[in-house]
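Student: Okay, here's the structure, questions in a sec.
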């Protein structure tokens with residue numbers, strides 16, 4: 001038996017896929033999934049589970065796959081994970097479950113993410129539903145924000161029998177899953193299907209409600225009868241560099257660029273009404289997953305000839321997932337490492353014409369453990385570009401803390417909580433990027449899960 | 001879904017809707033705006049709240065048909081629904097301790113000016129207003145502004161009503177005559193707000209403008225609406241839309257507003273073709289969609 005090699009997953013040919021927004025990775029067939037699952041050694045003390053922030057019972061669901069019991073595998077996964085079709089696609093498994101797999105010692109780890117995705121897709125295609133009929137608890141919980149943290153928290157609370165209402169500022173649910181991560185990595189029909197499952201479990205949904213503006217948390221608790229609130233509002237405030245020329249036409253934050261493309265479907269303009277304006281040469285500034293998403297999205301737009309990622313450190317320090325960097329390279333994205341923009345130059349009419357960039361070298365490691373980039377004096381050069389996308393990270397919006405009584409925040413805007421998501425105010429919990437700053441989908445889900453448990457404890461202790 | 005309760009045509013191409021939106025109406029304050037999306041596949045556009053009634057749960061918006069979305073919006077009637085309507089967004093304006101204020105509205109800018117003057121009037125502040133339009137029939141909300149003003153001036157570019165010329169002509173006169181105001185509010189096309197702010201600056205009178213950059217989400221998550229105020233980047237949707245007119249980089253705003261000029265044209269032409277076809281089909285009694 002081929003223990004060493006994992007079963008490869010079929011993908012769209014790079015030459016074809018750069019002309020569409022369809023999913024790149026095509027998923028396993030039943031036979032492929034069974035073959036891959038059979039590589040699992042079924043450790044009695046599995047180390048993989050500890051690497052998963054929501055503790056999916058990995059060997060158990062994999063065993064069910066080998067026995068062709070896909071429905072059972074789905075029930076095992078969803079007993080701890082509310083969004084398996086999403087996690088199987090976007091989790092950095094190489095740093096979590098798969099990193100801990102014992103097979104790493106002799107070859108490649110089990111493709112846990114691909115197997116989870118296979119099971120979840122199988123369940124969605126075959127309309128398999130969770131059998132959850134919890135005893136109804138007549139207690140209302142409000143979830144603010146419908147990203148991964150909020151959806152997970154809502155899912156767990158629904159399974160416990162709580163009366164859950166999700167409030168979302170945008171017109172569509174999903175947070176970063178909907179507006180941030182592109183279709184070619186995470187099809188929106190998958191996100192919609194996962195959300196439909198939550199609705200079937202009884203989730204109530206209020207879109208177009210900006211908590212802090214349309215209604216406040218104090219009003220929800222004092223007037224609307226919500227006994228607990230979970231804040232999962234993320235970190236959606238984009239950062240800019242503060243360099244000259246940043247307000248020229250053709251300079252986008254990655255958030256704006258991706259929102260226009262993913263949420264508003266600007267790549268289908270004029271069939272859809274929202275436009276997007278890109279030139280022939282696009283520069284994306286940054287080295288994270290968002291930078292990869294923006295670069296690969298830009299490449300797929302009509303008229304774009306070249307996309308260059310400009311990153312101030314080297315390839316080794318890039319925070320983006322290895323798989324996404326590989327995909328970007330396959331698709332023909334170019335990279336300018338150890339370079340940092342210092343000025344964007346414009347035309348008379350106010351459009352981007354070029355960008356002045358300075359060379360960097362790496363110094364001592366900084367607080368994040370990565371080597372600090374230092375400018376090399378006199379190494380300035382000019383890149384001819386007509387679109388610039390800033391993917392420098394995001395920070396939490398201060399709207400909720402500034403309009404809610406007794407919520408303490410960090411200097412940089414993150415909501416202060418204990419390990420289980422309790423804020424300084426009784427009954428109000430928080431998790432995900434709103435607490436940690438921009439992190440990963442699965443960490444947000446882990447935080448939503450912990451908070452659901454803490455909310456349950458809090459409401460039980462309050463008694464009837 | 002949000003129901004259109006009332007529709008009024010204020011001028012050719014300028015329409016007023018009263019929308020049923022109780023949550024927005026309850027919280028709305030002068031200076032705030034909403035984002036709306038007509039239907040699936042539509043774009044999100046910002047519109048200033050022109051009036052609100054928290055008891056009836058209604059919000060009034062006024063829009064001019066300038067492109068695809070506003071034209072399509074104009075085809076809706078009372079009883080129809082708008083898919084998404086979110087707000088109130090932006091920072092409400094406040095005028096503590098003012099005794100006398102001058103309000104200037106140009107064209108569609110008269111609509112967002114109205115709730116501010118109404119609030120000032122209710123606070124007992126002396127309100128002087130100057131409203132203007134290209135021509136008499138494009139002048140909107142004249143009665144409403146008059147009702148909340150102690151004194152009102154009307155201007156038209158072609159002289160068809162009131163003073164002949166821009167609103168800034170009267171502004172200059174009042175200031176030259178030595179009339180004093182605690183604050184001047186100017187709302188209208190960016191060029192009017194720019195010139196108006198330049199006129200008031202030497203007099204040292206605080207001047208408030210309401211900016212209208214391109215917006216997508218309207219909640220501070222994208223920065224599409226960023227403007228430079230006093231050398232710093234601000235997001236008009238969360239830090240504004242009202243700003244100190246003496247500190248705004250209007251030239252940058254005007255250039256940024258032209259970002260999608262080409263796309264806007266394409267979208268409108270496409271809408272006109274489809275819309276015209278539908279109208280012709282209706283008139284001829286052949287609804288091709290129905291035949292399919």
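Using N, Cα and C of the backbone, Cβ positions are placed for all residues, glycine too.
Those TrEMBL annotations? Automatic predictions, nothing curated.
According to TrEMBL, the protein has these features:
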- B:1-95: domain 'FAD-binding FR-type' (DOMAIN)
- B:62, B:63, B:64: FAD binding site (BINDING)
- B:222, B:225, B:237: [2Fe-2S] cluster binding site (BINDING)
Student: To the nearest whole angstrom, state the Cα distance for the pair residue B:64 (FAD binding site) and residue B:225 ([2Fe-2S] cluster binding site).
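Tutor: On Cα coordinates alone, these residues lie 20 Å apart.
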Student: Using a 10 Å cut-off, grab the number of neighbouring Cβ atoms around the Cβ of residue B:63 (FAD binding site), all chains included.
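Tutor: Its Cβ shell of radius 10 Å holds 23 other Cβ atoms.
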Student: Across the whole of the domain 'FAD-binding FR-type' (B:1-95), what does the mean pLDDT come to? Round it, please.
Tutor: 95
Student: Could you break down the residues of the domain 'FAD-binding FR-type' (B:1-95) into DSSP helix, strand and coil, giving a count for each?
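Tutor: Its residues fall into 13 helix, 46 strand, 36 coil.
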Student: Mind sorting out which of the binding-site residues B:62, B:64, B:222 are close to chain A, meaning Cβ under 8 Å from one of its Cβ atoms?
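Tutor: Near chain A - Cβ to Cβ under 8 Å - we find B:222.
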Student: Measure from the Cα of residue B:62 (FAD binding site) to the Cα of every one of the binding-site residues B:222, B:225, B:237, then give the nearest.
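Tutor: Looking at Cα distances from residue B:62 (FAD binding site), the smallest one goes to B:237.
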Student: On the three-state reduction of DSSP, what should I expect for residue B:237 ([2Fe-2S] cluster binding site)?
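Tutor: Residue B:237 ([2Fe-2S] cluster binding site) sits in a helix per DSSP.
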Student: Looking at the binding-site residues B:62, B:237, which sits with the largest number of other Cβ atoms within 10 Å of its Cβ?
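Tutor: By the 10 Å Cβ neighbour count, B:237 comes out on top.
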Student: In whole Å, how far does the CA atom of residue B:237 ([2Fe-2S] cluster binding site) lie from that of residue B:63 (FAD binding site)?
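Tutor: If we compare the Cα positions of residue B:237 ([2Fe-2S] cluster binding site) and residue B:63 (FAD binding site), the gap is 18 Å.
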Student: Expressed to the nearest Å, what is the distance separating residue B:63 (FAD binding site) and residue B:225 ([2Fe-2S] cluster binding site) at their Cα atoms?
Tutor: 19
Student: For residue B:222 ([2Fe-2S] cluster binding site), list the number of other Cβ atoms lying within 10 Å of its Cβ atom.
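Tutor: That number is 26.
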Student: Relative to the Cβ position of residue B:64 (FAD binding site), how many further Cβ atoms are located within 10 Å?
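Tutor: Its Cβ shell of radius 10 Å holds 19 other Cβ atoms.
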Student: If one looks at the chain holding residue B:225 ([2Fe-2S] cluster binding site), which residues at least 6 apart in sequence have a CB under 8 angstroms from its CB?
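Tutor: In sequence order, the residues whose Cβ lies under 8 Å from that of residue B:225 ([2Fe-2S] cluster binding site) (at least 6 apart) are B:213, B:214, B:215, B:216, B:218, B:235, B:236, B:237.
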